[in-house]
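Submitted below is the structure of interest, expressed as structure tokens.
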Amino acid sequence: MQSATPGYELEDIDLLLTDANIATMDSAVEAPYGTIENAALAIKNGKIMWLGEQKNLPSFDVFATPTLSIKGQWLTPGLIDCHTHLVFAGSRAEEFEQRLQGVSYEQIAAQGGGITSTVKATRAADHEQLFVAAKDRLNTLLAEGVTTVEIKSGYGLDTANEIKILEVARLLDEHHPINIKTTFLGAHALPPEYKGRSDDYIDLVCNDMLDQVVANNLADAVDVFCENVGFSYTQTKRVFEAAKKHNLPVKCHAEQLSNQHGAELVAQFNGLSADHIEYLDEDGVKAMAQAGTVAVLLPGAFYFLRETQLPPIALLNQYKVPIAIASDFNPGTSPLCSLQLMMNMACTLFRLTPEQSLAGVTRNAAKALGLTDRGVLKVGARADIAHWQISHPAQLSYQFGVNKLLNLWIMGKLI
């Protein structure tokens with residue numbers, strides 16, 4: 001928060017927001033949600049240049065400064081979805097119906113279903129088809145106040161198609177208001193042509209795939225699905241070591257279905273996040289706490305798969321591990337496009353508080369992506385700001401199926 005100083009004047013402001021209640025989510029502000037009531041916020045060149053109680057607002061040119069009254073409603077940071085698989089082709093709706101009719105996942109996979117069907121459809125799609133489908137999904141997130149989204153590859157599973165997915169994600173960043181961060185997830189699943197040769201496939205991921213991804217500047221991070229049905233601890237470590245050589249940060253799909261110690265491994269590499277983590281144990285939590293690795297909860301997948309093993313929320317709180325929440329938007333296990341719904345699910349399914357939930361899609365989601373310029377409202381931060389028609393920030397987690405977004409600014413521009 002910046003207060004007025006004698007002779008200080010706000011000059012050349014692009015926009016001044018007044019009469020606001022602001023949930024800054026800034027841990028330096030002691031109030032719950034980092035709240036500043038009866039506040040104002042000034043934007044210049046896409047960043048916040050002043051924020052504080054309106055009574056302390058410095059003088060400014062009333063006639064030259066565009067001003068908007070928030071009328072006592074609430075401002076929060078723009079929401080951040082830090083884990084998605086948003087670029088893909090095809091649908092798994094028929095498979096969903098089969099599962100509910102009693103057909104096992106193994107039977108579906110034997111028929112060419114499961115992730116194999118998504119890989120086949122994604123390989124067959126061109127850049128434009130993938131772009132159009134993903135843009136529509138991004139528009140849905142944008143309408144709910146989302147300003148930054150992470151997009152993973154992982155449905156190509158060969159060099160050309162993994163590159164294609166990441167190229168589409170970069171194009172989306174150029175042509176969509178939402179800011180996109182990309183993650184290379186070549187080690188998502190074993191492609192059919194490598195059946196029984198998982199080490200050979202990891203060779204491909206660590207060498208040809210990663211080399212081309214880096215050469216074309218297509219990834220901001222590297223991820224691995226470390227699981228019994230994915231890749232082993234040793235294979236995951238190989239990918240992380242390859243990423244480290246290229247100075248790319250790592251993250252991990254860890255402990256979703258069993259404890260493979262992926263969270264401990266990603267912490268050893270000072271990784272950004274361990275995601276899913278239903279089977280995370282205390283040693284893993286300790287390692288994450290020491291490394292500053294974020295715990296990313298994915299309640300949509302938990303719900304859709306009807307899982308029963310809860311993430312160790314009490315341990316995460318005990319060791320003060322930052323908790324983020326994401327949609328995990330994907331066609332197989334979390335076909336949903338609503339970060340607001342995830343906030344409610346994190347509270348109802350995992351017993352997070354509404355304040356933890358909002359932190360999970362703002363401040364901690366930014367940390368999970370290695371971003372320090374967003375996720376909180378403070379002087380110097382990006383002016384990614386959501387304006388809500390709510391009476392209290394807990395309402396964002398309490399209600400679902402009701403979108404209370406009124407206005408959204410990304411880098412200070414009204415969307």
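Each residue, glycine too, has its Cβ placed from N, Cα and C.
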Among Q256, Q399, which residue does Swiss-Prot name as a further 4-imidazolone-5-propanoate binder in the site formed by R92, Y155, H188, T333?
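The one candidate that Swiss-Prot places in that 4-imidazolone-5-propanoate site: Q256.
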Given that Swiss-Prot annotates H83, H85, D328 as Fe(3+)-binding, name the residue from H175, H246, H253, H261 that shares the site.
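So, going by the record in Swiss-Prot, that would be H253.
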Using a Cβ-Cβ cut-off under 8 angstroms and a sequence gap of six or more, which residues of the chain neighbour Q256 (4-imidazolone-5-propanoate binding site)?
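For Q256 (4-imidazolone-5-propanoate binding site), the qualifying residues are E227, H276, I277, E278, Y279, A301.
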Whose Cβ, among the binding-site residues N330, T333, has more other Cβ atoms within 10 Å than any of the rest?
N330
Three-state secondary structure of H188 (4-imidazolone-5-propanoate binding site) from DSSP?
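Once the DSSP labels are grouped into three classes, H188 (4-imidazolone-5-propanoate binding site) ends up as coil.
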Including all protein chains displayed, how many Cβ atoms other than that of H188 (4-imidazolone-5-propanoate binding site) lie within 10 Å of its Cβ?
25
In DSSP terms, helix, strand or coil for H85 (Zn(2+) binding site)?
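The three-state answer is coil.
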